[in-house]
Structure formats: structure tokens, C-alpha cells
Amino acid sequence: MNNAGHGPTRRLRGLGVLAGVALLAALWLLWLLGSAPRGTPAPQPTITILVWHWPFTDQPPELPSDTCTRYGIARCHLSANRSLLASADAVVFHHRELQTRRSHLPLAQRPRGQPWVWASMESPSHTHGLSHLRGIFNWVLSYRRDSDIFVPYGRLEPHWGPSPPLPAKSRVAAWVVSNFQERQLRARLYRQLAPHLRVDVFGRANGRPLCASCLVPTVAQYRFYLSFENSQHRDYITEKFWRNALVAGTVPVVLGPPRATYEAFVPADAFVHVDDFGSARELAAFLTGMNESRYQRFFAWRDRLRVRLFTDWRERFCAICDRYPHLPRSQVYEDLEGWFQA
């Protein structure tokens, strides 16, 4: 028998076996490397947020190193020390202090590529001077849901355990107002309601101011609270709704953005919207004619949810760190006024 052709075949088979063994060895080595204990991941750098003007005051609060940790945000350094301008990861400017003078901005000293944040919790009706701020800011912090850093005045969070008992209600409706102007829609609606509904009015506008600690317990005595915003704008739902009504344990009667906006934040049966009625007389009749069973349905949400307020500017500014890794560095608001007025 002639075996001349078997030599090359055997050599090829041998090479194939060797290649297979080498492949298995490589796979085994990769598996070992993948399953080996990994080293400690590199710590994430701390983000420094410089607040150029502290809102409504020349004296910023104390800002210890753990300020943002208190709000559940780690590796975030909040400072009002302007000497950090060159090294800060972002600088935030509150609009009220910029409202009349663009010169308050350190434009000449701005490091290249440093994100600047425009911050305001006021409505467009009370925000002026935006036309002077074109092409300056990269991000926006506001109550608008489409803001880069969205900070509402409040929200509902899951809650387990018994809800606090509702205060006893001995009166019908209350309203706390400091700046009463007849041209405002809320003033006109109040004038239309007054002949049909007993509304007790508190605040500087009526010569009956309430101290900060007095407001909630005072309103808690009423079945309804007029949560009338001073102007009606997209997503503009303030403490008049969250604190003055929901925290106080009363039913808010709301004048503000459309019902659908409120329903994005709270259950549909947690409030009364003025748009649901054809006239102030109809609204008053609904409120005064409501039986106790129907009234209690407005508080069904309290069995599973609780109100969380966002009133501290420190917490609001710390939220920048939470969003920082996800925000576009190259974005610029060329027409901040057009965006905010939309």
C-alpha cells in the first residue's frame, strides 16, 4: 500500500489540533482574567458649582463641604467664593441680580468652555432684561419641565405608613395674597367669586399678614384654599399649591397652567381647577354644595404619597451636579428670552 499522501495530511491535522488547543487556552486565560477580582474603581471627581450671586441677598449662607450630601447628592462642592471662577466646573447666576445689568457678569474672566447656568424660579411675567443675555448661558435651571436642570417647587413622593390626620375644618375658603393687583386674572376671579363664596383673605394686601410659621396652621382650618398663581405660564405651579394647600391639608382651587399640567404632578382628583367651570358662580356652587364623602376623596392620595418641597436654594443649586454629566457642553441659549417666553 502506498502511504506517500498521508504525510502532509497528518501534518495538517496536527496543526489543526495545535490551533484548537491554543484557542481553548486563550479562551481559558480570558475567562480567568475576566473572573479575577477587579481593583477599586477610580473615584469620581468632585464637581464644583460656583454661585455668583446668592438669590435675594448679599450674604450667602454657610456652605460646608457636605452641603449637597445632605440632599443625597455626592461629590458636589457648592461655593459662593468668586476666587474659584477660574477652576469651577460650572457657574450659576440667579436672574434677579442680573435683571438690569449685564455688566454684573464676569464675561472677560470667563474660562473657555466653562458652562454657565441661568437660574430663575419666577414666571416670565416677572422676569425682565432677558434680551441682554443672548448667547451667554449654556444651561437653564427653573421650574419648567424642559429645563436642563428641572427643579419644581414641590412634588409627591411615595409614602408608607399612616398619613397624618387631617385638621378639623371649620371654615370654607382662604386666600393668602401679598401683591393684589386688579389687572391680574386672579384678582378678577376673586372679585367674581366673592359674592357667592365666603373667602377669608390674609396677607399684606389685606392688612392681615401671617408669620412664616402661622400660614400652614391657619390655612389648615379651611376646606379650600385659592391657589391662584400671580400669572399663568407653562409649568408655573408654586408654593401656593404645594405648601399653602397640600401641606396644610386643604383642597387647592387652582388658577394657573392647564389641568393637564397639574395632573403631570398630582392625581387628577387632588385639586379643583377653575377651568372646569363655566363661571365663578358655578365654581362657588360646587364648593359649597359638596358633601363630606365627596370632599374626602380629594385626600385619597395621602394614603400613599407625601409632599416634598424644594424651597432651599442650596438644594436647588446642588441639583446641577446631579445633571452635570448628562448635559451638553456645547449648547448655548442664543435667544433665552424667546425660549422662556414660549
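Placed from the backbone N, Cα and C atoms, the Cβ positions cover glycine too.
Per Swiss-Prot, these features apply:
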| type | residues | note |
| --- | --- | --- |
| TOPO_DOM | 1-14 | topological domain 'Cytoplasmic' |
| TRANSMEM | 15-36 | transmembrane segment |
| TOPO_DOM | 37-342 | topological domain 'Lumenal' |
| DISULFID | C68-C76 | disulfide bond |
| CARBOHYD | N81 | N-linked glycosylation site |
| DISULFID | C211-C214 | disulfide bond |
| CARBOHYD | N291 | N-linked glycosylation site |
| DISULFID | C318-C321 | disulfide bond |
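Taking the features listed in Swiss-Prot, we show where each one sits on the structure.
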{"residue": "C68", "record": "disulfide bond", "contacts (Cβ under 8 Å, 6+ apart)": "A74, C76, H77, L78, R314, C318, C321"}
{"residue": "N81", "record": "N-linked glycosylation site", "contacts (Cβ under 8 Å, 6+ apart)": "L50"}
{"residue": "C211", "record": "disulfide bond", "contacts (Cβ under 8 Å, 6+ apart)": "none"}
{"residue": "C214", "record": "disulfide bond", "contacts (Cβ under 8 Å, 6+ apart)": "none"}
{"residue": "N291", "record": "N-linked glycosylation site", "contacts (Cβ under 8 Å, 6+ apart)": "none"}
Around the Cβ of C318 (disulfide bond), how many other Cβ atoms lie within 10 Å? Please give the count over every shown protein chain.
23
Confidence summary (mean pLDDT) of the topological domain 'Cytoplasmic' (1-14):
49
Number of other Cβ atoms within 10 Å of the Cβ of C76 (disulfide bond) across all protein chains:
23
Number of Cβ atoms other than its own within 10 Å, given for C321 (disulfide bond):
23
